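Submitted below is the structure of interest, expressed as structure tokens.
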Amino acid sequence: MKFGTFSLPRQIPTCKGGRFTRVLQSIGSVIREFSASANALQDCWKNGNESKEIDDVHTLFRYCTNLQSAKCLHARLVVSKQIQNVCISAKLVNLYCYLGNVALARHTFDHIQNRDVYAWNLMISGYGRAGNSSEVIRCFSLFMLSSGLTPDYRTFPSVLKACRTVIDGNKIHCLALKFGFMWDVYVAASLIHLYSRYKAVGNARILFDEMPVRDMGSWNAMISGYCQSGNAKEALTLSNGLRAMDSVTVVSLLSACTEAGDFNRGVTIHSYSIKHGLESELFVSNKLIDLYAEFGRLRDCQKVFDRMYVRDLISWNSIIKAYELNEQPLRAISLFQEMRLSRIQPDCLTLISLASILSQLGDIRACRSVQGFTLRKGWFLEDITIGNAVVVMYAKLGLVDSARAVFNWLPNTDVISWNTIISGYAQNGFASEAIEMYNIMEEEGEIAANQGTWVSVLPACSQAGALRQGMKLHGRLLKNGLYLDVFVVTSLADMYGKCGRLEDALSLFYQIPRVNSVPWNTLIACHGFHGHGEKAVMLFKEMLDEGVKPDHITFVTLLSACSHSGLVDEGQWCFEMMQTDYGITPSLKHYGCMVDMYGRAGQLETALKFIKSMSLQPDASIWGALLSACRVHGNVDLGKIASEHLFEVEPEHVGYHVLLSNMYASAGKWEGVDEIRSIAHGKGLRKTPGWSSMEVDNKVEVFYTGNQTHPMYEEMYRELTALQAKLKMIGYVPDHRFVLQDVEDDEKEHILMSHSERLAIAFALIATPAKTTIRIFKNLRVCGDCHSVTKFISKITEREIIVRDSNRFHHFKNGVCSCGDYW
């Protein structure tokens, strides 16, 4: 009896009742309908074709595209005894590995008699394809110890790829040298990949330079090695020696251009890919989208995407991410919908982009739907990155409690998870909680902090004024060898600068490479924050002298520094230079700094004219800057005009209602105060409470305006009362204009005395040694009366008092403030 692809009557026992015949008939119907491969096998093994030569058997391997047909072929080879041929058995091993069943491959391999090096190579590479590095090494060791064979050039690439340490790689390197395969292009390229993977790119380059012959694979290995190790500029320099490129080279170099910020070189490579027909290759087009997205060239991204004949999931993810990165969420959502209509199913990367897009839109309900979708898919358990993305999503929405809940729910956490929750707290103003999360991470000791951790927690120290905590982190950085990392040290310098230690910030600045604008921007901003506008301008000129190109952030920090120091002429010079010399189009932040600068200088009409001449539609920050200036300078009429425009674009912002109310209060227009407060109350808006904080004995103490719940409140109040009497004796007169309530003078004086910074000063005078520096951090602008009082206190107590408010630093010493009463 014959059936389908098998001839098995002598090998299968007969079943009673013909049941086995019916089983065979059922199996036959399945095989006949299973696939083209099964039909091909049937055609080759019909009656009269059983004596085909081995060459015909080799052709059958091409038809085996699934495990079932491979097993059919295996059975036939066993029956025909062709399995005894080493070459055929080895091909069967390779087939099983290709189809993903390494266990069957190993079973077949173990039954091969007189295995040759070809069979060993296929088994070793099969383990490598399956990602089983330990079995690759074990199989190679067995080959070297028991086979009595000599490895060839095909043996080493898979083994080198499986090496888990550079020491293991060195051992295999020695073996390749011993057996004479050192300069085989495949082996050499694998060695370059190995050394690059373990950050020994110098060894890789030596090997590359010594190669007598280099093929395209060798060049690609070295270029990608530089990219993997973060040496993008070296990769681009090396590519200058290339006469031709293939698609792999193009993809590596496009990544290098993105990392190095070399847009022009990326365009040149794109032109090459078009000329040589490489742009049409799927992964080249995908990488081009990534390149243009990084530089904000969304039109070019769209052009590349539109020209693609075939688009895969990566293509859609790339174009969606491009619009997400450049904060165009509506277009990104539209593309996501197009992707679904194209029957492309989203993956984790799609959902990560979607989470960011929806957080940009502020759509809380849709964001929760994303979380629900990932839960149903089980991706929280499979991929930690999706959980991290959901934490980021809630943090961007300001829902830090939801972010913390998701973080606590994650089945596993990595360093990125911790960095995400720390930065989420810090970015939403919860500096103490961010520092606490970092301390918890350190106490658990399961996950080591990395660059991202320091860059997340140091801004929290800056925000809270936690200088001692920041100094502890500085010590950790020294211990962990991250002291010379540019981004970490820049964050550290920013921390010192914003905690009032400008000299330490400057010292760190001159210890790191200053080849890009990031460290320069930080130091310029710190000097501006301290009111040292002239020094900020000098730093900017020094930056230009060192050949560093300023970016849009540089000019924001510089204009802000000019604003806080009253340098109107210098600010105008910078604003014009930004456009004429560097081709930077002013953003709303640049315009806002200019309006603020004119307003602080009292040039209110000039500020209004400047707003009317803007090429962009003024937003709330522009009109808010003008309203703030009108409040300081008492121009109620212009303030009303500014507020009308302001509430058109931002009607629900409580801070602007408070600002307008304060302007009316300062002018004694209590009817206007009542009206604005009534409007704010009707909208359900609540005023942000004023608070001040200071660090004492490694603990951050927080004081709220008018709050009487502090354990030492009575002692602090007695200290303030005694101070008040001394201050009046040397000329202090309370300025009731800064009391924003229509009450009696005695009550006004009490309200002024309960401002948060005064409570903090009283606490510091009680809790810290005499004549030591007091550092206070305030979330709102210092009022004029508190500014005067602090000057007097610094004189009679012989203390230096450093106050950082929402705008800048004030250094009070011997009755004088560093701001020169200009803030």
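From the backbone N, Cα and C atoms, a Cβ is placed for every residue, glycine too.
Annotations per Swiss-Prot:
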- 622-697: region 'Type E motif' (REGION)
- 698-728: region 'Type E(+) motif' (REGION)
- 729-823: region 'Type DYW motif' (REGION)
- 85-115: repeat 'PPR 1' (REPEAT)
- 184-214: repeat 'PPR 4' (REPEAT)
- 215-249: repeat 'PPR 5' (REPEAT)
- 252-280: repeat 'PPR 6' (REPEAT)
- 281-311: repeat 'PPR 7' (REPEAT)
- 347-381: repeat 'PPR 9' (REPEAT)
- 516-550: repeat 'PPR 14' (REPEAT)
- 587-617: repeat 'PPR 16' (REPEAT)
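What's the neighbourhood like for each of these?
Per-residue confidence over the region 'Type E motif' (622-697) averages out at a pLDDT of 86.
Sequence-distant contacts of the repeat 'PPR 1' (85-115) (same chain, six or more residues past either end, CB-CB distance under 8 Å): 54, 57-58, 61, 64, 66-67, 70, 73-74, 77, 122-123, 125-127, 129-130, 132, 135, 147.
The list of residues near the repeat 'PPR 6' (252-280) in space but at least 6 beyond its ends in sequence, with Cβ under 8 angstroms from a Cβ of it, reads 220, 223-224, 226-227, 230, 232-233, 235-236, 239, 245-246, 287-288, 290-291, 294-295, 297, 304, 307, 309.
Under 8 Å from some Cβ of the repeat 'PPR 9' (347-381) lie the Cβ atoms of residues 313, 316-317, 320-321, 323-324, 327, 329-330, 332-333, 336, 339, 387, 389-390, 392-394, 396-397, 399, 406, 409-411, all in the same chain and six or more residues away from its ends.
Same-chain neighbours of the repeat 'PPR 16' (587-617): 552, 555-556, 559-560, 562-564, 566-568, 571, 575, 578, 623, 625-626, 628-630, 632-633, 635, 638, 641, 822-823, counting only residues six or more beyond its ends whose CB sits under 8 Å from a CB of the stretch.
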Mind checking which residues of the chain, 6+ beyond the ends of the region 'Type E(+) motif' (698-728), have their Cβ under 8 Å from one of its Cβ atoms?
432, 464-466, 468-469, 689-692, 749, 751, 753-760, 762-763, 765-767, 789, 792-793, 796
Mind tallying the repeat 'PPR 4' (184-214) by DSSP state, helix then strand then coil?
23 helix, 0 strand, 8 coil
List, by number or range, the same-chain residues at least 6 past the repeat 'PPR 7' (281-311) whose CB is under 8 A from its CB atoms?
247, 250-251, 254-255, 257-258, 263, 266, 270, 273, 318-319, 321-323, 325-326, 328, 342, 344
